[in-house]
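What Swiss-Prot annotates here:
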ACT_SITE  Ser168  active site, nucleophile
ACT_SITE  Asp333  active site
ACT_SITE  His366  active site
BINDING   Arg238, Asp367  substrate binding site
DOMAIN    62-372  domain 'AB hydrolase-1'
SITE      Arg335  site 'Important for acyl-CoA specificity'
Amino acid sequence: MTDVALPTAAPAAFDLPPDSVGVVAPQRMHFAEPLKLRNGSSIAGYDLMVETYGTLNADRSNAVLVCHALNASHHVAGVYADDRRNVGWWDNMVGPGKPLDTNRFFVIGINNLGSCFGSTGPMSLNPATGAPYGAAFPVVTVEDWVNAQARVADAFGITQFAAVMGGSLGGMQAVAWSLMYPDRLRHCIVIASTPKLSAQNIAFNEVARSAILSDPDFHGGNYYAHGVKPKRGLRVARMIGHITYLSDEDMAEKFGRELKSEDIRFSFDVEFQVESYLRYQGDKFAEYFDANTYLLITRALDYFDPALAHGGDLTRAMAQTQASFLVASFGTDWRFAPSRSRELVKALLDNKRPVSYAEIDAPHGHDAFLLDDPRYHNLMRAYYDRIAEEIGA
């Protein structure tokens with residue numbers, strides 16, 4: 001690929017908090033060399049959208065890769081000049097003086113292959129046909145994403161990350177980095193994640209995919225040519241997923257059994273506030289997300305299982321890691337329960353690998369990793385202080 005210029009944030013066009021990274025501008029990185037995929041096929045001439053925050057130091061030792069979860073993107077922090085409301089999905093974590101302090105670290109966010117936020121994916125034009133890939137876009141895996149991310153690191157001249165960090169699906173990518181490129185990261189930070197999906201989690205994903213596949217507007221994944229979008233299926237898929245991201249405690253506090261109107265109407269329309277909330281979330285998601293991308297990413301979640309190649313033995317799988325680990329879970333997260341994080345911790349301890357573990361008592365379920373709970377952020381801040389001291393940042 002062509003040489004990469006290290007971008008700087010665009011000048012602020014409006015007032016922002018002093019701990020914001022400011023107005024940011026993504027860059028499109030093009031890779032001509034084919035990327036061999038786990039399924040045996042290859043993809044060539046692909047693009048990845050990238051955002052960076054902070055300054056890469058002279059020896060390029062202060063870089064941190066932030067891996068995104070299902071519906072997120074490269075836009076980790078800051079705002080865009082033409083859309084102040086589009087705040088980065090982890091803006092409370094990344095910025096000057098924040099836990100991942102951009103005064104000390106150079107932070108990279110990458111939109112994964114197959115996504116719908118600018119990187120090559122099902123919505124992109126297939127050079128072989130001149131039409132969108134649609135259903136023809138190859139199935140990708142967490143491992144494929146990590147290989148693509150490694151090429152981004154190469155383009156920036158980064159031989160070793162100070163840390164690779166992610167929550168949920170992003171945490172799986174961080175684990176994969178520690179296994180596939182063990183000498184290219186000093187620290188691996190895994191938050192609200194799991195070393196593999198349970199049968200229940202795969203089942204949730206299957207129900208969500210079925211909602212999309214059964215939408216009459218899906219057209220076998222080639223709905224772009226029909227000028228439609230399977231919004232009904234996407235809406236239901238998001239509603240299913242959103243239920244799993246919240247805890248029972250959080251839902252009870254937010255909604256309880258509160259009615260949308262004063263009286264019961266004895267109908268199948270929205271009666272309860274929680275129904276209204278789910279429909280709102282589903283409608284919003286269906287407007288901006290792509291159905292084929294949803295299928296791809298949930299399948300990548302399903303396939304991730306580093307222990308599979310080792311007879312199901314996670315301890316054997318993690319033996320090749322060299323990084324120090326921070327693993328964090330949330331007590332009310334039932335999507336990726338603390339017990340799943342402890343499986344990873346045990347495998348690391350069995351291999352005598354350095355690992356710190358924290359289970360945070362937060363009421364917000366799986367989505368707690370996106371929120372700014374003081375205990376959680378203090379943990380992250382302390383760990384990054386340690387990394388900064390190690391590398392002299």
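Glycine is treated like the rest: Cβ placed from N, Cα and C.
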Rounded inter-Cα distance in Å - Asp367 (substrate binding site), Asp333 (active site): 8
Cα distance (Å, whole number) from Arg335 (site 'Important for acyl-CoA specificity') to Arg238 (substrate binding site): 14
Mapped DSSP class for Arg238 (substrate binding site), helix or strand or coil: helix
Three-state secondary structure, His366 (active site) (per DSSP): helix
Cβ atoms near Asp367 (substrate binding site) (within 10 Å, other residues, all chains): 21
Chain-internal residues near Arg335 (site 'Important for acyl-CoA specificity'), provided their CB is under 8 angstroms and they sit 6+ positions away: Ser168, Asn201, Thr244, Tyr245, Gly365, His366
Chain-internal residues near Asp333 (active site), provided their CB is under 8 angstroms and they sit 6+ positions away: Ala192, Ser247, Gly365, His366, Ala368
